[in-house]
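Participant: Dumping what TrEMBL says about this protein:
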TRANSMEM  12-34  transmembrane segment
DOMAIN    12-105  domain 'Pyrroline-5-carboxylate reductase catalytic N-terminal'
BINDING   Leu16, Gly17, Ala18, Gly19, Thr20, Met21, Ala77, Val78, Lys79, Pro80  NADP(+) binding site
DOMAIN    176-278  domain 'Pyrroline-5-carboxylate reductase dimerisation'
Amino acid sequence: MSTGGERTDRPRVCFLGAGTMAGAVIGGMLSAGWPADRITATHRRPEGRAAVAEKYGIEVTETSPEAVADADLVVVAVKPYAALDVLASVVEGLSPHTVVASLCAGITCAAMESALESTGRVQLARLSVVRVMPNTACLVRAGVSGISAGRHADEQALARVVEVMQTVGSTVEIPEAQQDALAAVSGSGGAYLALVAEAMIEAGVHQGLPRTVADDLVRQTFAGAAALLVEGEHPAVLREQVTSPAGSTAAAINALESAGVRAAFLSAIAAATERNRALGAPADESR
Ligand SMILES: NC(=O)C1=CN([C@@H]2O[C@H](COP(=O)(O)OP(=O)(O)OC[C@H]3O[C@@H](n4cnc5c(N)ncnc54)[C@H](O)[C@@H]3O)[C@@H](O)[C@H]2O)C=CC1
Ligand SMILES: O=C(O)[C@@H]1CCC=N1
């Protein structure tokens with residue numbers, strides 16, 4: 001998977017949990033040439049450990065203090081409800097130079113810092129904690145990650161996290177108060193677009209296109225629209241360029257607006273933001 005040109009001065013990164021999101025970041029790092037021997041992961045099931053080790057060619061162990069002992073950066077990548085317990089389970093292996101990052105929706109830097117402070121070990125109480133919200137496009141090195149530093153994270157700590165996340169996409173540093181909204185827009189955003197793609201394929205089939213043709217058309221339309229968007233033109237201008245007065249696109253846009261598509265996105269992103277906040281609330285048992 002490596003593109004060669006591996007740098008041996010890369011930080012050693014240990015992912016706690018090796019599911020979808022960690023896998024996307026690991027896959028992207030490897031394809032960017034990050035040395036496989038500088039990436040490790042933990043998995044709670046032995047068969048999962050074997051599968052992840054085989055897939056990525058990295059060392060995968062159970063979650064333990066030993067697993068993080070050599071890491072420069074420890075990335076918590078389990079479901080939000082398990083994040084603080086998983087962090088607590090490795091503290092004995094952390095050292096004062098370790099940076100701890102979390103990809104977990106809703107989990108605040110303060111919550112992670114409290115978990116470290118509650119160990120009673122002075123050097124861990126001042127550990128650098130960084131909150132990161134990536135998305136699954138990291139796998140193809142086209143992700144975007146929102147990054148917020150915790151109370152003790154200095155420029156050097158932040159730079160270590162940025163180095164990893166810029167290997168798999170772009171990064172934006174934001175105040176932590178905006179993390180739940182960012183997750184609702186870009187963390188989850190790929191799912192909204194996948195839903196639209198699915199709906200467009202079905203609609204094409206409904207109009208008589210062969211499924212494989214509809215599938216190809218939609219994939220390439222998304223790729224083309226994304227390429228135009230990243231050139232920087234405003235989305236409204238791109239939409240207007242396609243929309244002739246009284247034309248077919250105008251008819252379609254009218255149908256979408258009448259169906260409340262814009263309001264649906266407002267509600268969807270508000271619902272996701274609220275859910276992310278709830279996931280970080282200590283009393284939430286449904287995370
Ligand atoms: N899937 C996505 O698109 C995104 C996910 N995230 C965040 O990433 C985190 C992980 O999400 P996914 O990868 O989607 O979930 P997932 O369920 O695919 O992966 C979680 C992994 O953690 C493992 N795990 C649980 N407890 C563990 C333990 N004690 N030790 C080691 N491994 C343990 C599970 O076995 C599983 O493999 C979540 O907190 C989520 O908020 C953030 C951005 C996007
Ligand atoms: O919904 C989820 O579990 C994650 C959080 C951000 C994107 N997906």
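Note: Cβ is positioned from N, Cα and C throughout, glycine not excepted.
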Participant: Max Cα-Cα distance in Å among Leu16, Gly17, Ala18, Gly19, Thr20, Met21, Ala77, Val78, Lys79, Pro80, the residues listed as binding NADP(+)?
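Facilitator: Of all Cα pairs among the recorded NADP(+) binders, the widest measures 14 Å.
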Participant: What does the DSSP secondary structure composition of the domain 'Pyrroline-5-carboxylate reductase catalytic N-terminal' (12-105) look like, as residue counts for helix, strand and coil?
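Facilitator: Computed counts for the domain 'Pyrroline-5-carboxylate reductase catalytic N-terminal' (12-105) are 42 helix, 19 strand, 33 coil.
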Participant: On average, what pLDDT score does this prediction assign to the domain 'Pyrroline-5-carboxylate reductase catalytic N-terminal' (12-105)?
Facilitator: 97
Participant: Of all the binding-site residues given, Leu16, Ala18, which has the fewest Cβ neighbours within 10 Å once its own Cβ is left out?
Facilitator: Ala18
Participant: DSSP-wise, what's the residue breakdown of the domain 'Pyrroline-5-carboxylate reductase dimerisation' (176-278) into helix, strand and coil?
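Facilitator: Secondary-structure breakdown of the domain 'Pyrroline-5-carboxylate reductase dimerisation' (176-278): 88 helix, 0 strand, 15 coil.
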